[in-house]
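TrEMBL annotations:
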BINDING   GLY165, ARG166, SER167, ILE235  NADP(+) binding site
DOMAIN    5-120  domain 'Tetrahydrofolate dehydrogenase/cyclohydrolase catalytic'
DOMAIN    139-289  domain 'Tetrahydrofolate dehydrogenase/cyclohydrolase NAD(P)-binding'
Amino acid sequence: MAQILDGLKVSKEVKAEIKEEVQKILANKRRAPHLVAILVGNNGASKAYVNSKVKDCEEVGFSSSLIKFPSTVAESELLEKIEELNRSKDVDGFIVQLPLPKQIDQEKIIMAIDPRKDVDGFHPENFGKMALEMDTFLPATPFGILTLLERYNIETKGKNCVIIGRSRIVGKPMSILMGRKDFPGNSTVTLTHSYTEHIEEYTKEADIVITALGDPYFLKAEMIKEGAVIIDVGITRVDDDSEKGYHLAGDVDFDSCAEKASWITPVPGGVGPMTRAMLMKNTIIAYKTSVYND
Ligand SMILES: NC(=O)C1=CN([C@@H]2O[C@H](COP(=O)(O)OP(=O)(O)OC[C@H]3O[C@@H](n4cnc5c(N)ncnc54)[C@H](OP(=O)(O)O)[C@@H]3O)[C@@H](O)[C@H]2O)C=CC1
Ligand SMILES: Nc1nc(=O)c2c([nH]1)NC[C@@H]1CN(c3ccc(C(=O)N[C@@H](CCC(=O)O)C(=O)O)cc3)C=[N+]21
């Protein structure tokens, strides 16, 4: 049976470390770090995620603000708000929750964010620095996975790592980070996507599989190698007749894969809470490097 990579537990440790730092900052009579989240529209999952971010901020002692726009918002209005946040001396970092409605050019929005406040690490300047192994904000989900691997001391050097999904926020940055000359890293990386043929031929050879495709229970035990490390990023709301009306499903068929894997992340309680903790981490990094705080 696989051992659990307990993201909930590690996320609490990371947040406790951040809280301690914030207490020192406050003891020195400085203002608390401040994170702002922009939410456009009314998507249930996005709302839940943004609300939990506000809760995380309270927990570690940050200030937080939530700015909401209707799904009909004009691109220009969103850009104006971003400019305002870029200029604001009491905002250390902000994120624009994705996906955005169709009338808005996502690339234009991301490009407008001051890279120094881009705590999601999505701006091309930060993405480029990440790829070149320069100091920068790492996107929260890949950063969370690296931290989980690091804290559990999972060997990644020389391992075959197969990633499923090539999104800007998870798969693509993850593939770069696992191949970096660093720990955790130094893996031999294969990035697979919807055009990959016979994907099981890749996953069967993998020492580490990272699934980020958003297809419930996609990865089955037959597709993995004995002793593999399985990281499940996927979170899909699947309707059911429970009181809530849905349950959360990962991309991994946990029950069958757990019998074969050496380590595995659960959903919920795996990568999700780590993502949230690393956003807090990026925000305190932004605060500490901010030109307004030296
Ligand atoms: N736990 C966390 O913190 C987070 C969880 N998520 C979850 O992770 C999942 C993925 O999210 P995100 O990265 O935004 O995904 P996207 O929907 O942006 O991208 C999905 C990727 O998976 C690929 N893909 C889709 N179907 C298959 C298939 N059958 N075989 C191989 N590849 C496939 C797509 O290929 P192609 O490029 O060819 O279309 C695409 O690259 C979702 O469930 C999301 O909710 C996301 C962010 C954070
Ligand atoms: N600009 C931007 N940055 C993001 O980082 C970003 C985004 N947009 N858009 C959507 C995805 C998704 N995402 C999640 C983060 C945490 C959980 C999480 O905490 N999940 C809990 C369960 C939460 C629940 O109960 O609903 C868990 O897995 O245990 C889930 C999903 C960040 N994303």
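Every residue, even glycine, has its Cβ placed from backbone N, Cα and C.
Just so you know, TrEMBL annotations are computer predictions that nobody has curated.
Positions of TrEMBL features highlighted on the structure.
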| residue | record | Cβ neighbours (10 Å) |
| --- | --- | --- |
| GLY165 | NADP(+) binding site | 23 |
| ARG166 | NADP(+) binding site | 19 |
| SER167 | NADP(+) binding site | 17 |
| ILE235 | NADP(+) binding site | 20 |
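Restricting the average to the domain 'Tetrahydrofolate dehydrogenase/cyclohydrolase NAD(P)-binding' (139-289) gives a pLDDT of 97. Residue counts for the domain 'Tetrahydrofolate dehydrogenase/cyclohydrolase catalytic' (5-120) by DSSP state, with H, G and I taken as helix and E and B as strand, are 61 helix, 19 strand, 36 coil. Residues from the binding-site residues list (GLY165, ARG166, SER167, ILE235) with a C-beta closer than 6 Å to any atom of ligand 2: ILE235.
Residues listed for NADP(+), GLY165, ARG166, SER167, ILE235, cover a largest CA to CA span of 16 Å.
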